[in-house]
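Copied from TrEMBL, the annotated features are:
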BINDING   PHE10, GLU65, PHE227, GLU251  substrate binding site
ACT_SITE  SER66  active site, schiff-base intermediate with substrate
MOD_RES   SER66  pyruvic acid (Ser)
ACT_SITE  CYS80  active site, proton donor
ACT_SITE  SER233  active site, proton acceptor
ACT_SITE  HIS247  active site, proton acceptor
Amino acid sequence: MAGASSQVFFEGTEKLLEVWFSSDSESPDLRDVKQEEWEKLLRIVRCEIISKTSNADMDAYVLSESSMFVTKSRFILKTCGRTTLLLAVEPLIQLVKEQCGFSKVLDVFYSRKKFAKPEQQHSIHQSFDEEVSHLDKLFKRIYSVPDWYDGAAYTLGRINKDCWHLYTMDAVGVMEPDQTVELLMWEMCPDTMQIFTKKVCKDGPEATKKSGICDIIPGAQIDDFLFDPCGYSMNGLLPGGYYITIHVTPEPHCSYVSFESNVPQENYMELMEKVLNTFKPSKFLMTVFANKESIAKDNHKQLENKELVPGYTRADHQFCTFKNYNLTYSHFTRPII
């Protein structure tokens, strides 16, 4: 994004960080952090704020490289390209301690798909092993209680092909209902990707309407942006602290689209079909992540059918349980005719 050129490779695959904070003090709120402080933090990551939208439960930021979401006690940062997301974790913890009074990280989730060109990343992001080592050392040093903190790292999918990485705390942290569904798509339909260029659409709202993104989850408060000459980002807010976010890298040689939402649903099949019909990828992976308090906790049962998605073949499917969460990973490809 950020005005990527059709002649240059752009890593659409995002790094996704979600941190939950807790405190013994009364009613701290991450939204009390001023925007200029977030801007300083994002300079470490190598991205900047383009726009902001808010409702009663959440502040959402469209960034030059993806998105950021802030609620009372949860921080989400999703960045693509060559951003240096993990370098901002320690400054983030210090910032919210000083500005809001949060004294402890309640839980952390860091995830990403395998990069197309990891050698182009900053050294800290060139391998998942390096990312895990950095986070382990960071949290043990910050809290100085090695027995209290223990990181847990997972890889789902084929390590010699496309796969998905996750890092989290080993101990149970989040006890309120929590769920996230992601569809990460690549080798996209060229005609669809043309919508997300300045040749076809003049701005974000036109691309949102012409692509059908506005119909995926109706009623969302949408903030969208079309980059020049191509690339697209959107955040959508819903009451209750729920969001959707979509990012598009449309260049034919590195096309990629991500869809993410924490909207709770017992069955995500209809939502998945809407997303796939909108973007028409040749390949995609889907993750559904839900704790035992969420209505989505049994969603894995609907995903067991290997003929689940018409027109696609399921290459991989894994289900695992850890802490108080269920996680389902599925990888699909469209057969070559």
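Heads up, the Cβ atoms here are built off N, Cα and C, so glycines get one too.
Since the structure is predicted, the reported quantities are computational estimates derived from the model, not experimental observations.
Among the active-site residues CYS80, SER233, HIS247, the residue whose Cα lies closest in space to that of GLU65 (substrate binding site) is CYS80. Within 10 Å of the Cα of SER233 (active site, proton acceptor), the following recorded positions from the list SER66, PHE227, GLU251 place their own Cα: SER66, PHE227. Only CYS80, from the active-site residues SER66, CYS80, HIS247, place their Cα within 10 Å of the Cα belonging to PHE10 (substrate binding site).
Distance between Cα atoms for GLU251 (substrate binding site) and the residue listed as 'active site, proton donor': 15 Å, as a whole number.
The recorded positions in question are GLU65, SER233, HIS247, GLU251, and the one with the fewest Cβ neighbours inside 10 Å is GLU251.
Taking CA atoms as the reference points, the residue listed as 'active site, proton donor' and HIS247 (active site, proton acceptor) are 9 Å apart.
Within 10 Å of the C-beta of the residue listed as 'active site, schiff-base intermediate with substrate' we count 27 further C-beta atoms, all protein chains included.
PHE227 (substrate binding site) sits 11 Å from the residue listed as 'active site, schiff-base intermediate with substrate', taking the C-alpha atoms as the reference points.
The binding-site residues under consideration are PHE10, PHE227. Their Cβ neighbour counts within 10 Å are lowest for PHE227.
The residue listed as 'active site, proton donor': 29 other CB atoms within 10 A of its CB, across all protein chains.
Distance from the CA of HIS247 (active site, proton acceptor) to the CA of SER66 (active site, schiff-base intermediate with substrate) is 7 Å.
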